[in-house]
Structures are given as structure tokens and as C-alpha cells.
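TrEMBL annotations:
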ACT_SITE  52  active site, nucleophile
ACT_SITE  176  active site, charge relay system
ACT_SITE  178  active site, charge relay system
BINDING   20, 21, 22, 82, 116, 117  L-glutamine binding site
């Protein structure tokens, strides 16, 4: 089910906010008065997964924004850098170590992350679980306190930047799992939705239209769209 108006959120019990152009998405959300409804949805403890631009939406703080900034939904206690890895032509793929995902969903301990003009998570609060990190060259390390790019070669050793986190009912990934054949992140989120449904002792139908009351753990989801 596609969510375009605030009242449509009353018909779903979980939500995916996908990638896209976060500034445009924010302007559309503001135009359709979606922000209050989205914040209420998050605060009610309903599962929400933000990928790429969706991650930016869910962050409590974002830097590297365009002039004037953009409104955020918030909920994830983290600081996100909007275009950490550069422009569209600097998009890339990388093998990510994902022990938590492998533990919960099986399969290899790595996941092929597809990063498209991607953000990155610079800092997280004490209640946030880090699910994946991505190695970055020492000259591309950004710190939220100064947001200054290091120019000198070998000025610091190779660092890792956070690219996937979870905090209570919220999941955030800087990359695009839907562009791979590996569906473990989708299964992981469906189980978050299932657990939320069990907590409220009710049958749960998330935004993708999958009734999880009889969910057997096998991934089967049509990725819903927030616009």
C-alpha cells in the first residue's frame, strides 16, 4: 500500500520510507501535512524502516543538507551526514559484515550493500544498536563536530562509518537492500513487525500487505512506498 496522505497511515501497522531525493520528499511531506502523522506513527512504537533518504528522515539530526535544511521525522538517536559518500557518480557497492543479520536470518556474515549517493551515520546514542559498518578511506572521514574533510594522506588510519542501525521499533540502512537478491533485511524487518504485533496481541498487516499472523519466516514482501 502506498502512503500519500496522513489518514492512510491509520490503515497500516508498519512502514518503509525508501530512498529518493530527501529534500524533495520532505517538501512533499510538508505539502501534504504528513510530518505530524509520521511522528505520531513512530512515537506509537510502530515499526518503521528507512533506507537511504528514509534513514535521513528518521534521524534526529542531519548535516550536509541544502541551504535552509529540511524537516525530519526523527526517532533514531543519531547524526546522519546527508551525502557522506559523494555525488551520484561516486555510488558504489561494498561487502558489509552483518553478524546480527546472519545470527537472526542465517546465511553468510556479509551482505552486498548498494550505496547510491548515500548518507552515513556519524554518531549514535546509547540506545542504538549498530548493525553494519562500511570501511572508508582515511581522507574521507567526516566528524559531526566539524564536518571537515581530512585532506592529508595517511593522516588517520582507515576508519569505518556506520551504515545500518536499529533502535526499538526503528530500522535504518544507508544502502538499498531491495536492489539485491538477498532478502534477509526484508525478513528481519517483517519479524520486527511480527514482534510488534505480538506485543499488541493482534494480527498485523504491514505496509506491504502481508498478514503476519501466520508468517513462517520466509521472505515474501512487495516493498511499500512512501511518497
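Using the three backbone atoms N, Cα and C, a Cβ is placed for every residue, glycine included.
No curator has checked TrEMBL annotations; they are predicted automatically.
Per-site Cβ counts within 10 Å over the recorded positions 21, 178 peak at 178. Between the two most distant C-alpha atoms of the annotated L-glutamine binders (20, 21, 22, 82, 116, 117) there are 13 Å. Neighbours of residue 52 (active site, nucleophile), defined as other CB atoms within 10 A of its CB across all chains, total 24.
Taking the binding-site residues 82, 117 in turn, the residue surrounded by the fewest other Cβ atoms inside 10 Å of its Cβ turns out to be 117. The most crowded of the recorded positions listed here (20, 22, 116, 176) is 22, judged by how many other CB atoms sit within 10 Å of its own CB. Apart from 20, 21, 22, 82, 116, 117, the residues listed for L-glutamine, the same chain places the Cβ atoms of 19, 52, 53, 56, 83, 118, 119 within 8 Å of the centroid of those Cβ atoms. When the C-alpha distances from residue 178 (active site, charge relay system) to the binding-site residues 21, 116, 117 are tabulated, the minimum falls on 116. Listed in sequence order, the recorded positions near residue 176 (active site, charge relay system) (C-alpha within 10 Å of its C-alpha) are 52, 116, out of 21, 22, 52, 116, 117.
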